[in-house]
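A.B. asks: Before we start, here is the structure in question, set down as structure tokens.
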Amino acid sequence: MSDPRAAARAIDALRRGWPVAIDGVALLAVETADRERLAAFDPDAKAPLLLSAGRAWTLKLANQRDAAVPDNPVLVDRSPWLDFDTATALADPQFDLATPLKGPFRAIALDWPDVAGAALRLARIAGVLPAFFARPAQGEPAIALADIDAHEDADRLRIVTRARLPVAGAEDSEIVAFRTDEMPGEHVALIIGQPDGNAPLVRLHSECLTGDMLGSLKCDCGPQLHAAVHAIEASGWGILLYLRQEGRGIGLINKLRAYALQDQGFDTVDANVRLGFAVDARNFKVAARMLTLLGQPAIRLLTNNPDKVAALEAAGISVTERVPHKLPPNPHNARYLDTKRDRTGHQL
Ligand SMILES: Nc1nc2c(ncn2[C@@H]2O[C@H](COP(=O)(O)OP(=O)(O)OP(=O)(O)O)[C@@H](O)[C@H]2O)c(=O)[nH]1
Ligand SMILES: [Zn+2]
């Protein structure tokens, strides 16, 4: 039996700088550790460092091993000069340009690739940098791989409450709130208008605190959010899903780290890779589950992103039409939109 609460406890531990054990491997997150915690975790200074494929590639470590499988995590041998500060420099890309790294570093065989992948996933869910010291477990709070799967299982989402919610531009609207017992973010659906027998016009909007709330001009999220409400209202009826998948699923802090890298000149794709994350870490099964709970197996989708169509179709939702959702660029987001068109397949 998998236990999603075990994953919730592990995520909490990572954020507090406490070690966790996944299937017999003890892991200490570099970001939330410090010298004392590292010394307590690994008194002999032998524990190697686990890095994501993207981070290892950025540091030119990935090609030393597994060149054929560039998505694989990499284990870095614990040389005497790989102390806590150096590990931080390996984990955190913000200083890559300013501080040429010490070395040399050596990638060593990773006998537990599934555990490594699970650890990096946990880091993403916890919103910390994907880098860990690793050694055999010695009684740390344990989780199994299946616990992490259970934690992210979209089928655990359920409707908790619903209420009328008139919004600007769509007064005949109802909000429906969804959650699982363990996951912190509550997703919501705004049902705009009344079902009229036609497939609803649906928008999947991923949370963007900077764009949705602060009026950031770096992206197109704020204008897209408001334009979606108007487009759905004008279409007769439909559903806006507001998904708590900030920063394409890497969380606010890591998105802002990606922004800091963009300040150094990297684009939105390379910034995610340098941090050690997937370019898009969102799980659109969440959206499919919400539509299923709302009784909508066939929809028209408002998006420029063919991946969203494919992900919904793969999760059993029939997308009968893709409706473009383009907003005019501004001087601050023009490069971002160009990158989406040129590198992530957006139809812009
Ligand atoms: N990691 C990261 N996330 C970003 C960045 N800019 C915007 N986001 C997030 O991207 C999400 C919005 O996704 P977009 O890629 O803009 O658009 P999309 O939803 O994939 O596609 P459309 O449906 O066509 O709009 C939100 O969660 C934003 O917080 C960035 O530079 N880095
Ligand atoms: Zn945004």
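Here, residue 1 is simply the first one shown, and the rest follow in order.
Placed from the backbone N, Cα and C atoms, the Cβ positions cover glycine too.
The domain 'GTP cyclohydrolase II' annotation in TrEMBL covers 162-324. What TrEMBL lists as GTP binding site is ARG203, LEU204, HIS205, SER206, GLU207, GLN224, GLU246, GLY247, ARG248, THR268, THR303, LYS308. TrEMBL lists CYS208, CYS219, CYS221 with the feature Zn(2+) binding site. Marked as active site, proton acceptor by TrEMBL: ASP280. The active site, nucleophile annotation in TrEMBL covers ARG282. As annotated by TrEMBL, region 'Disordered' applies to 323-348. What TrEMBL lists as compositional bias 'Basic and acidic residues' is 335-348.
Looking at the shown structure, can you explain where the listed features end up?
C.D. replies: In the three-state DSSP scheme, THR303 (GTP binding site) falls into the coil class. The Cβ of THR303 (GTP binding site) has 22 neighbouring Cβ atoms from other residues within 10 Å, across all protein chains displayed.
DSSP gives CYS219 (Zn(2+) binding site) a coil state; it is part of no helix or strand. For CYS219 (Zn(2+) binding site), the same-chain residues 6+ apart in sequence whose C-beta sits under 8 angstroms from its C-beta are CYS208, THR210, GLY211, ASN333, TYR336.
Under the DSSP three-state reduction, ASP280 (active site, proton acceptor) is assigned to coil, being neither helix nor strand. For ASP280 (active site, proton acceptor), the same-chain residues that are 6 or more apart in sequence and have a Cβ closer than 8 Å to its Cβ are ARG248, GLY249, ASP307, THR344.
When Cβ atoms from all protein chains are considered, those within 10 Å of ARG282 (active site, nucleophile) total 20, not counting its own.
Listed as Cβ neighbours of the region 'Disordered' (323-348) (distance under 8 Å, sequence separation of 6 or more from its ends, same chain) are residues 201, 203, 217-220, 223-224, 227-228, 231, 267-269, 279-280, 300-307.
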A.B. asks: Going by DSSP, give the three-state secondary structure for CYS208 (Zn(2+) binding site).
C.D. replies: coil
A.B. asks: When you put CYS221 (Zn(2+) binding site) at the centre and draw a 10 Å sphere around its Cα, which of the recorded positions HIS205, GLU207, GLU246, ARG282, THR303 have their Cα inside it?
C.D. replies: HIS205, GLU207
A.B. asks: Please give me the CB contact count at 10 A for CYS208 (Zn(2+) binding site), counting all chains in the structure.
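C.D. replies: Cβ-Cβ neighbours of CYS208 (Zn(2+) binding site) within 10 Å number 23.
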A.B. asks: Roughly how many Å separate the Cα of HIS205 (GTP binding site) from that of ARG282 (active site, nucleophile), to the nearest whole number?
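C.D. replies: With distance taken Cα to Cα, ARG282 (active site, nucleophile) is 11 Å from HIS205 (GTP binding site).
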A.B. asks: List those of the binding-site residues HIS205, CYS208, THR303 whose Cβ lies under 6 Å from any atom of ligand 1, in sequence order, or write none if there are none.
C.D. replies: CYS208, THR303
